[in-house]
Amino acid sequence: MKSVSWKEGRRMEAKVKWYECSGGTENDVVVSTRLLLSRNIEGFPFCGRMRASDRQKTLQTVLSAMEDENSMLAHAFSFIPLWQISKEEAVSYVERRLASPEFVSRADGKGIFVTEDESSSVFVNGGEHILMQTVLPGLALERCYETLDLLESNLGKLLPFSFDGQLGYLTQNPADLGTGLHAALMLHLPGLDYNGAVPRVAAGLSNLGMDLRSGYEMENQASLYQLTSRVTLGISEQETLYNLKSMAQQVLLQERSARQAVGSSLKFQDTVARSLAILRQAKLLSCKECMELLSNVRLGVACGLVQSVGYEKILSAMLQVQPATLALLAGQAPDGEQEEALRAAFVNRLLAERLA
């Protein structure tokens, strides 16, 4: 691919990321809020029909808009050329929920614009020409939407988005047609997991246009699930947010009810205490075990058994103990026992002064 002009930002060195901050509401169950908005640019073929030259032109067009000195976006984002980063870095973006596996699977002609705290990002040449994303901790649909709306408005002043008066915003994927908006909440559901109610809850939500799926691509870890809005056509952005929030409140009630059955038992208190001790003292930790222990501690915080640690500390650990992200933090590519030792040492340091 021919070179283009950009402000390179391959390694974000922000002191504080979004997942290291407290905020939002309903944090005992809602881990994070994510909004995704798809747009395409008039005059360009959809991504599925693009040649290499089309991808380059689209990327250059978006790049020029993002760096326009008359726009507030000019100095708010750094650009990551996907074809210039390592596989490890690409996988880390997926682990940190910054990008999807599908987006990073093919790098040519793709780029990511991201703010220093990684709470806002713009993906170019994925399923659609442009995918805008905002993410914040806890239940924060309104705050996320305000940021996303501001981002879309500024880009819309510089780029002609494909729009039809009857259908709304035009997209390659029919599931995005209309508003192009998808809203998602990452939920911690150990109570529903414990009593086996997740499949029943998911089936009920599916009938109402919502998806409840494992928060991880390969397998569920730490009882994390993603609740996502599915409908974009014939519905406004505000209705999308309202519907998701309403459904989430129902799930929250069921999860909290399920927690009452286990939260006060001596066995559960022992599980939390053991999990704390292992996280503070272990010399080897697999990713799966570490996530399960962190899940136990998170539930312990929600039940009032752990007073000295915030949800943001646990979320930060959950994201950073993933294999590729851990390797980048360590500055090496460990495997086997070495990886488990690094993970244990990282969690020891991260939680030692806060957990008691």
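Each Cβ is built from the backbone N, Cα and C atoms, and glycine gets one as well.
Sequence annotations record features per position, and here TrEMBL assigns domain 'Phosphagen kinase C-terminal' to 29-258. For the domain 'Phosphagen kinase C-terminal' (29-258), the predicted model reports an average pLDDT of 93.
For 32-36, 182-186, 213-218, the entry in TrEMBL reads ATP binding site. The Cβ of Ala183 (ATP binding site) lies under 8 Å from the Cβ of Thr33, Arg34, Leu35, Leu36, Leu141, Cys144, Thr228, Ser229, Thr240, Leu241, Leu244, each of these being in the same chain and 6 or more residues away along the sequence. Annotation note: Ala183 (ATP binding site) sits in a strand segment as assigned by DSSP.
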Inset, instruction - Report the member of Leu36, Leu185 (the binding-site residues) whose C-beta atom has the most other C-beta atoms within 10 angstroms. - result: Leu185
Inset, instruction - Going by DSSP, give the three-state secondary structure for Gly215 (ATP binding site). - result: coil
Inset, instruction - Which residue among the binding-site residues Arg34, Arg213 has the fewest other Cβ atoms within 10 Å of its Cβ, if you could check? - result: Arg213
Inset, instruction - Count the Cβ atoms, other than its own, that fall within 10 Å of the Cβ of Ser32 (ATP binding site), considering every protein chain shown. - result: 27
Inset, instruction - Give the number of CB atoms, excluding that of Gly215 (ATP binding site) itself, located within 10 Å of its CB. - result: 21
Legend entry - Coarse DSSP state, helix versus strand versus coil, of Ser32 (ATP binding site): strand
